[in-house]
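Asks: In case it's useful when we look at the structure, here is the feature table from Swiss-Prot:
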type	residues	note
MOD_RES	Ser25	pyruvic acid (Ser)
ACT_SITE	Ser25	active site, schiff-base intermediate with substrate
BINDING	Thr57, Gly73, Ala74, Ala75	substrate binding site
ACT_SITE	Tyr58	active site, proton donor
Amino acid sequence: MLIEVLKSKIHRATVTEANLNYVGSITIDEELMEAAGILENEKVQVVNINNGERFETYVIKGERGSGTICLNGAAARLVQVGDKVIIMAYCLLTMEEYKTHMPKIVFVDDNNKIVKLSNKEEHSECLC
């Protein structure tokens, strides 16, 4: 049996751009992608903290160190520049793999610079 679990997460990133006329996807700063273990073209779920929207898209690599979080195509209608989002990737694991799995969680500041890396979240933890 396989179970789907959190692989990685970029927590409370700030949307820097929304480009409606692009084909689709989310552009993420390469540094954030590497820290979270998110791959180019990987499917991700995006949750908009400001309005509650949840949607899936795929990742395009953005300029390293730029802080870019850009929603492209139709997804651009679901965010506004300045919104806070959570970007999550998932993986399928066997029960044996699950026992040792540690997700990568990247906490960022308002400029999308890394402030904390973790492998777990505590209940009620808030880095607001």
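For all residues, glycine too, the Cβ spot is worked out from N, Cα and C.
Describe the structural context of each listed feature in the structure shown, including burial, neighbouring residues and relevant distances.
Replies: Other Cβ atoms within 10 Å of the Cβ of Ser25 (pyruvic acid (Ser)), summed over all protein chains shown, number 19.
Reduced to three states, the DSSP call for Ser25 (pyruvic acid (Ser)) is strand.
Note: Thr57 (substrate binding site) has non-local neighbours Gly24, Ser25, Ile26, Lys43, Val44, Val46, Leu71, Asn72, Gly73, Ala75, i.e. same-chain residues 6+ apart with C-beta under 8 A of its own C-beta.
Classification of Tyr58 (active site, proton donor) by DSSP places it within a strand. Counting every protein chain shown, the number of other Cβ atoms lying within 10 Å of the Cβ of Tyr58 (active site, proton donor) is 14.
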Asks: Cβ distance under 8 Å to Ala74 (substrate binding site), same chain, sequence separation 6 or more: which residues?
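Replies: Residues satisfying the criterion: Leu20, Gly24.
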